[in-house]
Every structure is written in C-alpha cells, then in structure tokens.
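A.B. asks: According to TrEMBL:
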TRANSMEM  77-105  transmembrane segment
TRANSMEM  117-135  transmembrane segment
TRANSMEM  147-166  transmembrane segment
TRANSMEM  172-194  transmembrane segment
TRANSMEM  206-228  transmembrane segment
TRANSMEM  234-257  transmembrane segment
REGION    267-287  region 'Disordered'
C-alpha cells in the first residue's frame, strides 16, 4: 500500500488526477519540462520561445490515449500492440502462477514431496530466472529479439509437455522448474525490444505491453488457483500447457502482423503515432 499511496500523492501534486483539482503547483512547469526533455535547445532566441509554448508536460493521466495520437495509424499498428501484450499476458502469467502454485502441486499426490524439499522449488525457479537474465545479456548481442522470444515460447511449451509426460518424476519436476525459469527469464525484455524494432516507439506504446504483462500475472494466478481447487493439482500442469500454447499462438500472429506492418524506412517524413515530434531550425514543432 505505501507505494500506490506515494504514486497517488505524486499524481495529485502534478495535477494529473482527473476527478480532483490539485491545490498545489505541479512539480515542474510546462517550460521546465520542455527544457528537461530538450536540453540542447536551450537558447535565448525567439525560436526557442515559440518552441517552448508548443509542447506541454502531461496534461492529464490519459493523454497518451487521445485519438489524435493515433490518427492515420494502420490496423496492423494496433494488432502488433495487442498481440505483443497478449504474449506477455501469458508468459508473465505463467511466471506468477508457476511460482505461486508449484509448491502446492509438489506436496500433493502423486508426487507427495516432503514440505521442506518442495520449498526449494520456488527458490529454484526464481534463481534460474535471475541466471537466465544474466545469460541473456551477452546472448542478445548475437541474437535478434524475435529469435529470442521464439526460443522462449517454444521452450516453455516443450517444458510443460515434458512435465506432463513425466508428471510422476520428482527429479524432472526440479529439472523442468529450472528450465522454465531459464526460458521465461528474458521473454519480457526481448518482447519489448522486438516491438520497439517494429514500431519505433518512444513512450505510450510501452504502457500497453507492461499493462498486459501485469494483468496476466494477476489474473492467471487467480484463475489457476480456482481450477486447482475445483479439479485437483494435476490441472496445474494442464493450465501451464494451455497458457504456453496460447503464448505461442499469439506470437505467431505477432509475426504475421509484423510482415504486414509497413517498414519505418519506407517514408521517414510521414506522420506516425510512433514518431516523436521534432523541431526544425526555427524551433517549431512538426511531425
């Protein structure tokens, strides 16, 4: 609770809460925000004065969702956002539900792992997620983000399939847990890098992907917990297999929409919701 309360107070100070009029002044004025964003444009000429009046800081909480920002965008532009968010919805949801219920699955029949031993499974899972993120740093220099995401979603799907086949093996449960941690570790940053290569975005598009990942981590835990309560512990792996298959399917759609999406180099001067506003020599803002 302290974190959202602090964020709310900050939003209130910035006058970004639509239903409440903040009594205090914003932390930074519009001119100061423009100077912070464009330190190279600081001069005393009349062009700089006109340029500082064009942009405003952040007028309201939903400013990035205004229709004028998406004017002229193609259907594939929105499709890339949606399919990318759905992939992260599934993969981050798997992270949440697996780490939350692998202990409960291990102590139930048919595995009946000792409670102390089963307690190592979540730690093993998060430990290999940390290890995988370290490994993915040098790997990302030699491998494209699209290839990394493909390897991750296929690895998750294959791991869950093997966990279902060897569902009575305690040893393979530990091996599969470590494998899932490795494959899921770099999915989120690789997907952000991949969609950034497609869309050339600078700000609000990230919100769609991050929000999809956060909602998936919250919703799938609730869903899997309810299914395990009703159907038994074996449904834990079945749910993971289904979510992995959906992640792979959404990624296939993302690749399809990527092929349809117009290349940014085709028309560098065309207006685009992804292209940030720049200033010309006179200081005027243009697309």
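Cβ atoms are placed via backbone N, Cα and C, with glycine included.
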A.B. asks: Considering only Cβ pairs under 8 Å, which range in 77-105, 147-166, 206-228 makes the most contacts with the transmembrane segment (117-135)?
C.D. replies: 77-105
A.B. asks: If you count every Cβ pair below 8 Å, which range out of 147-166, 172-194, 206-228, 234-257 shares the most with the transmembrane segment (77-105)?
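C.D. replies: Between the stretches 147-166, 172-194, 206-228, 234-257, 206-228 has the largest tally.
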A.B. asks: Most CB pairs under 8 Å with the transmembrane segment (172-194): which of 147-166, 206-228, 234-257?
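C.D. replies: By Cβ pairs under 8 Å, 147-166 leads among 147-166, 206-228, 234-257.
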